[in-house]
Amino acid sequence: MAGAIIENMSTKKLCIVGGILLVFQIIAFLVGGLIAPGPTAAVSYMSVKCVDVRKNHHKTKWLMPWGANQCDKIRDIEEAIPREIEANDIVFSVHIPLPHMEMSPWFQFMLFILQLDIAFKLNNQIRENAEVSMDVSLAYRDDTFAEWTEMAHERVPRKLKCTFTSPKTSEHEGRYYECDVLPFMEIGSVAHKYYLLNIRLPVNEKKKINVGIGEIKDIRLVGIHQNGGFTKVWFAMKTFLTPSIFIIMVWYWRRITMMSRPPVLLEKVIFALGISMTFINIPVEWFSIGFDWTWMLLFGDIRQGIFYAMLLSFWIIFCGEHMMDQHERNHIAGYWKQVGPIAVGSFCLFIFDMCERGVQLTNPFYSIWTTDVGTELAMAFIIVAGICLCLYFLFLCFMVFQVFRNINGKQSSLPAMSKVRRLHYEGLIFRFKFLMLITLACAAMTVIFFIVSQVTEGHWKWGGVTVQVNSAFFTGIYGMWNLYVFALMFLYAPSHKNYGDDQSNGDLGVHSGEELQLTTTITHVDAPTEIYKLTRKEAQE
């Protein structure tokens, strides 16, 4: 009888394969922890208050905070009063990056959050549900002597969420509110060396624009971008892993097509999982170094979503194909109850991502969380996706329980078998349980390392060695799922080894009853795998 490689491989060879995969797994963690820097870097920017008393602001001139053509500046808002400078004439200017530095395409993206320094004044307090309206212009250039080119110009509303911990009396005037940070801007590529932000806070009392927002003293920004060193390590990993997974995928499908029977559902799903892993591995990010592709973040989210949806579907089908009755197996329609929540949850997250990063392709200052309707819509999508995820795991846990119960039930028939046959099937059961435990370990490792990366400072120091925990998480988990898919396609490929072809049932001491009890009557070389046949329930049960 023929089966998958995992069924015909000796325990020694299986341990050798496992050891090799474990070595590569350790290397994946070490690459991120010891070679790569931290995945991201955060840079703080303090805006400079420029004065612009011209009409038709921003149409003829950009205001630079420093340099040869720097603007006319004021140190604080109090200085504007004796100079009779109105609020509409003040421009908060921020140059990205800091002086004597350059941005690089290796940074991949820019994410900015905004912090407002708002002073308490008795006659100018922050009203309930106050909203600040900013007129923001973004420009870029690649040479310090070149003219600025406008990249975006938008009205950016943000709701203020501020508290004042001291009593609201005249003695506490001048103290600052404690305000939540606000999402400000996200750009999916860093194609230029220099960027310039000009931020206005236009006041219109008739239209109630920027009225009741307190006295804004300063605007601070924190810019987050991917480290160039980490990007290079990440690209190198993707470049190495792409041909590895692609080659094993071609080898796996070639073995299946050599069979005289058509592929079964489980084999198709494993192949689809390999395709999704290859899709996420293809290092198209190399093109972002030379092209201004702002959609790369959205494209990356879609690729990850496809892979994880395929992975979750594989787990359900893998369990189901080892549990269901013969007439229910090998048909994707039999899993609509389990796969349905995956499809609905993935679709909700896709719509949410399109509403956020999809819109940011044309408006980098947009955020779905800035309006009440947008927040409710986003929360609805996330809640529905969360419910679907919970339903999925309930289904999965139930199916895993059913599979193990089915296997344990079949084990009661093993003592009546001959020693050789019993050892053979005990090996099959062990290998199946082993794969299930490895799957659980991979999922647990992902969750554990994610939690560790969130609660630690980002790096550990052991003597003179610094380990970048966050980088190790990214490279290690990414390598782990590649190795998982690689192992699946290798171990579940059809084996050319035919168990018992050279021996009769009589030679093995196997009675026809025990053969029918644990397997189907099909013993053709191209039959489904032994585990497939071993763990299913007979239709009459």
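Positions of Cβ are set from backbone N, Cα and C atoms, glycine also.
If you look up TrEMBL, you'll see 48-226 marked as domain 'Wntless GOLD'. Residues belonging to the domain 'Wntless GOLD' (48-226) score a mean pLDDT of 88 in the model.
Per TrEMBL, domain 'Wntless-like transmembrane' is recorded for 227-496.
Summarising the annotation, TrEMBL assigns transmembrane segment to 233-253 (among others). Same-chain residues lying 6 or more positions outside the transmembrane segment (233-253) and placing a CB less than 8 Å from one of its CB atoms are 28, 31-32, 35-36, 270-271, 274-275, 277-278, 281-283, 285-286, 471, 474-475, 478-479, 482, 485-486, 489-490, 493.
According to TrEMBL, the feature transmembrane segment maps to 265-284 (among others). Long-range contacts of the transmembrane segment (265-284) within the same chain, counting only residues at least 6 positions beyond its ends with a Cβ under 8 Å from a Cβ of the stretch, are 235, 238-239, 241-242, 245-246, 248-249, 252-253, 256, 296, 299, 303-304, 306-307, 310-311, 313-314, 317-318, 321, 329-332, 481-482, 485, 488-489, 492, 532.
Under the heading transmembrane segment, TrEMBL lists 296-318 (among others).
What TrEMBL lists as transmembrane segment is 339-359 (among others). Nonlocal intrachain contacts for the transmembrane segment (339-359), taken as residues 6+ away from its ends with a CB within less than 8 angstroms of a stretch CB, comprise 186, 188, 297-298, 301-302, 305, 309, 312-313, 316-317, 332, 366-368, 374, 377-378, 381-382, 384-389, 391-392, 395.
Here TrEMBL flags 379-407 (among others) as transmembrane segment.
Per TrEMBL, transmembrane segment is recorded for 428-452 (among others).
Sequence-distant contacts of the transmembrane segment (472-493), counting only residues of its own chain at least 6 positions beyond either end whose CB sits under 8 Å from a CB of the stretch, comprise 4-6, 9, 17, 21, 24-25, 27-33, 36, 39, 230, 233-234, 237, 241, 244-245, 248-249, 251-252, 255-256, 266-267, 270-271, 273-274, 277, 281, 307, 311, 435, 438-439, 442, 445-446, 449-450, 452-453, 529. Annotation comment: TrEMBL describes 472-493 (among others) as transmembrane segment.
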